[in-house]
Amino acid sequence: MAIAENYEDVLKGKYPAKAHAKKVAEWIIAKGGDKNGTIYLEAQKQKLNEDNDGEAPFRQRRYFFYLSGCELPDSYLTYEIATEKLTLFIPPVEPDEVIWSGLPMSPEDAKAKYDIDHCLTTKDVNAHLTSTSESAQSTIYAIPEQVSDHVTFISYKEKEFKQLKPAIEYCRVTKSDYEIALIRKANMISTAAHEAVMKAASTAKNECELEAVFLKACVERNAKNQAYHSIVAAGEHAATLHYVHNAAPISDQNLLLLDAGCEVDCYASDITRTFPLKGKFTAESLAIYKIVLDMQHQCINALKEGVVWDSVHELAHKVAIKGLLELGILKGDAEEIFTKRISVAFFPHGLGHYLGMDTHDTGGNANYADKDVMFRYLRTRGSLPERSVITVEPGVYFCRFIIEPYLKDEEKKKYIDESVLERYWSVGGVRIEDNVLVTKNGFENLTPTPKEIDDITKLILST
């Protein structure tokens with residue numbers, strides 16, 4: 001059976017906060033940290049919108065959530081490394097707030113819900129910190145600028161602000177069964193939303209209508225937060241990688257690119273599908289779609305523990321070059337085109353990134369200053385560990401802003417046939433993106449959203 005395949009059963013348990021805390025502590029100790037230290041983290045504070053009394057949208061601080069599983073704002077936690085005790089501090093009852101919002105979660109309720117040893121109120125935090133520092137503990141680990149002014153570490157011998165954040169970022173790369181279950185659930189809900197958009201596409205008059213269809217499908221499944229701003233791009237708008245206007249009329253455009261995903265309990269999905277709005281590809285859009293689908297299939301099939309992501313990214317470019325040569329858009333020697341980075345004109349972004357609590361999750365070690373343009377925007381570098389989740393999102397785009405400088409360059413333009421290229425501008429762009437779990441000997445694709453040509457066209461035409 002696949003890992004966390006029955007995700008609803010897995011999610012009946014508690015989020016594994018203590019296992020995460022122990023994992024982080026072990027990383028700190030392995031780097032020479034204090035085995036008698038204490039970890040301290042704070043939740044995001046509830047804030048008001050500027051110049052009015054309305055609450056700003058709340059997004060839990062991911063570092064805090066990773067060691068608590070707690071979605072409550074204005075909370076704190078401590079983890080005593082030697083005793084492995086995890087203590088959560090939640091806001092006390094404020095009578096004025098109860099009038100408006102009802103009774104908050106009690107410490108008893110929190111103890112039952114979360115994977116913690118103790119739960120106190122935030123009023124108790126300084127007394128608790130003093131008591132732990134007076135025992136064997138000597139070092140407090142925290143994240144700079146994420147400690148409230150009234151919280152004091154004065155009784156600790158050492159205050160360490162450099163190790164905790166990278167420790168959590170490293171540990172977040174490899175996922176527990178519970179985390180994989182959350183990502184699976186987010187993918188299932190987002191798949192239903194993508195399918196709803198495909199079914200509604202043929203009658204839509206504006207991109208915003210289809211964005212609304214996606215959001216409705218998520219919210220009615222109790223996924224009220226999106227992992228990122230949806231991209232709903234018809235026709236040539238899809239040539240813009242992060243097009244977010246989602247408000248243009250839909251008329252005679254052939255393709256729609258939908259890059260959208262909900263989150264479930266702070267864990268993201270990130271799915272892209274490109275499909276013909278009326279259910280039928282043009283010859284040009286079909287040719288490009290087949291290239292991108294081949295890019296994705298080959299790259300996913302290359303995944304397993306230890307594979308070097310840079311090499312998989314190179315594979316995507318080589319598949320793209322082969323396909324564009326066959327269409328006549330590119331001309332010349334494939335190896336020469338690869339070496340001179342001509343394919344970057346059509347595939348300018350990285351193949352994918354780690355996925356977890358953030359859409360672009362931690363631990364990727366990107367190098368945005370890389371002088372090699374092929375790798376500059378590759379958000380994940382190096383080898384992929386078992387239980388990491390990576391997006392695989394190849395694309396081919398016809399963006400005038402990106403391609404035209406190549407056409408004006410005497411050395412580069414000889415590899416591009418402008419007369420053939422002219423037929424493809426209207427395609428805009430094609431991207432296909434799945435969320436893939438890396439396993440010891442291969443992979444598990446967590447994204448069941450239709451993408452094969454027959455599957456998507458039948459779905460669109462079924463309405």
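Just so it is clear, glycine is given a Cβ too, placed from its N, Cα and C backbone atoms.
Sequence-distant contacts of D270 (Mn(2+) 2 binding site), defined as residues of its own chain at least six apart whose C-beta falls under 8 angstroms from its C-beta, comprise A227, Y228, D259, G261, L355, T359, T391, E393, E433, N435. In three-state terms derived from DSSP, D270 (Mn(2+) 2 binding site) belongs to neither a helical nor a strand segment and is classed as coil. Positions annotated as Mn(2+) 2 binding site by Swiss-Prot: D259, D270, E433.
Mapped onto three states, the DSSP output places E393 (Mn(2+) 1 binding site) in coil. Annotation source Swiss-Prot lists Mn(2+) 1 binding site at D270, E393, E433.
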Count of other CB atoms lying within 10 Å of the CB belonging to E393 (Mn(2+) 1 binding site): 24
Beyond the site residues D259, D270, E433: chain residues whose C-beta lies within 8 Å of the centroid, for Mn(2+) 2: A260, G261, I271, T272, T391, E393, R431
Cβ neighbour count within 10 Å of D259 (Mn(2+) 2 binding site): 24
